[in-house]
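Beneath this line is the structure, given in structure tokens, with notes to follow.
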Amino acid sequence: MTVYNINLGIGWASSGVEYAQSYRAQAFRNLNISAKFVFSDLILGNNIADLTANLGFNADQIIWLYNFFTDIKIAPSTFLLDTFVEQNHLEQRNFSLLPNNGTKELQYKSEEEKLTIVPRYNNREKQTIDQVTYIFNNRLIKRDFYSYTKYATEYYSGEEKDNQVIFREFYNENGTIAYTQHLDGDGHELFEFPDQNYYSKTDLYREMLRKFNFKADDIIILDRMDEDKQLVNGQLIFEHHLPAKLVIPVHADHYDKHYTNDHQVLWNNFYEYQFMHYQDVAAYVVATDRQRDLLASQQKHFNHAKPQINTIPVGSLEHLVKPKGTRKKHSLITASRLANEKHIDWVIEATVAAHKIVSDLTLDIYGEGGERSRLQNLITKNNADSYIKLMGQHDLKDVYQKYETYIAGSTSEGFGLSLMEAVGSGLSMIGFDVPYGNQTFIVDQQNGYLLPYTEDWSNSRKEQLLADAIVKNFTEADLTSFHEKSYSLAESYLTKNVAKQWQQLIGELQHA
């Protein structure tokens, strides 16, 4: 039996879906269940093995569409700079190494060949590289990609104004070309193999599914589908998953309440296809009981259907994290992508207001995203740089325990992994009474404050509610009691307990 987990892309700053897969991978490892994680985006900015290892995946768990048709293994970048220099005879060809200013890129230049070769360090200390760029007459013409060997090359048109990739080669271990991807510049592509051509990425994906040769005891967990305009993967999986069982996790609010009434429902567009084809789905998995009950009632009302819906948290805790010392007094932490929908600006404004009463109050904001500069400007505008800080991207598992309280401004979380990790470190919690994460991890007056929320309220009213809760939390609340309640809530999210829920579902599906 193998569990195939279907995704599209992954990066250094991943979303909740990738983190959910990472937690699931850990649960499956604990159960000794064979699991594969399938990615189909063209991921060349970094070695996919490095990106997935960053989230705790094992390299042998990863299947990447573009690598699948070669015999090169998914593996870390271990190719040495010295090996590259030697193999390409750079010294004999009289290439000179230009002074390096400490960046990840080196420049080898030949005036005679009018060529600059730019290897990029993957790890400067280990002297390993993951990319090499070739610039001829000041124009990019080629880029090679390395793990333990060269696995791909992309070739550019070399034009002055519209220099774009015209084809890519993907290699086998012995250096032979496994296949070539041709691009016409208008979004069309052709994958040329020695014995066959595939005229779209969708066709190539279909061939990969065919080669998986699904068995009756296999399970496919479809985490993401159809965000890539070059690929229609969701429909393909619905069409070709048999005899395996198909499971659909719901990672977000699954419908739009503004356009839903007794006569119609507007499903979240990322899940509409999956909900309308419920006959093909062995089970839906949601993160909270509240979402399970709502989805079940909507399926019954609108589709006259009664599909199997299981509650399994998308995250889990290896263990409860107790503070190694004294928690920093009057300290707030929040962690998320720096995106508009997270409403971190409300949290900043609330902290500024509360700071007037709790004078040693601090807020540390963890995460990266497109809103970073705007949020920094807001902090500076409020003269709050001394007590509100953007901390960047970090592994927070052992960071939460340094703080007293977690605060969330988000008004919609399918689950809220950072909320789970915060209660697992015993923090008191502040957030709005909105589906589904806050309602799961905040018990009002017991481990924090679950604040009333109406969308139509002004931002200043929402900010004031948060500010009042901050002040109350640090001036009136029994934080020791709040911290103990958070630890108690977190018990059911320990990996060993979540793994049992997966084990039960998989057992049911195998015997269905």
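From the backbone N, Cα and C atoms, a Cβ is placed for every residue, glycine too.
Residues or ranges marked as UDP binding site in Swiss-Prot: Gly16, Val17, Glu18, Tyr19, Gln393, His394, Glu413, Gly414, Phe415, Gly416. Annotated N-acetyl-D-glucosamine binding site per Swiss-Prot: His251, in sequence order.
On the structure: features taken from Swiss-Prot.
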residue : record           : contacts (Cβ under 8 Å, 6+ apart)
Gly16   : UDP binding site : His251, Val314, Gly414, Phe415, Leu417
Glu18   : UDP binding site : Asn7, Ile10, Leu55
Gln393  : UDP binding site : Trp12, Ala13, Tyr366, Gly367, Glu368
Glu413  : UDP binding site : Leu419, Val434, Pro435, Tyr436, Gly437, Asn438
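Here the Cβ of His251 (N-acetyl-D-glucosamine binding site) has 23 other Cβ atoms within 10 Å, regardless of which shown protein chain they belong to. Every protein chain shown contributes to the tally, and the Cβ of Phe415 (UDP binding site) ends up with 24 other Cβ atoms within 10 Å.
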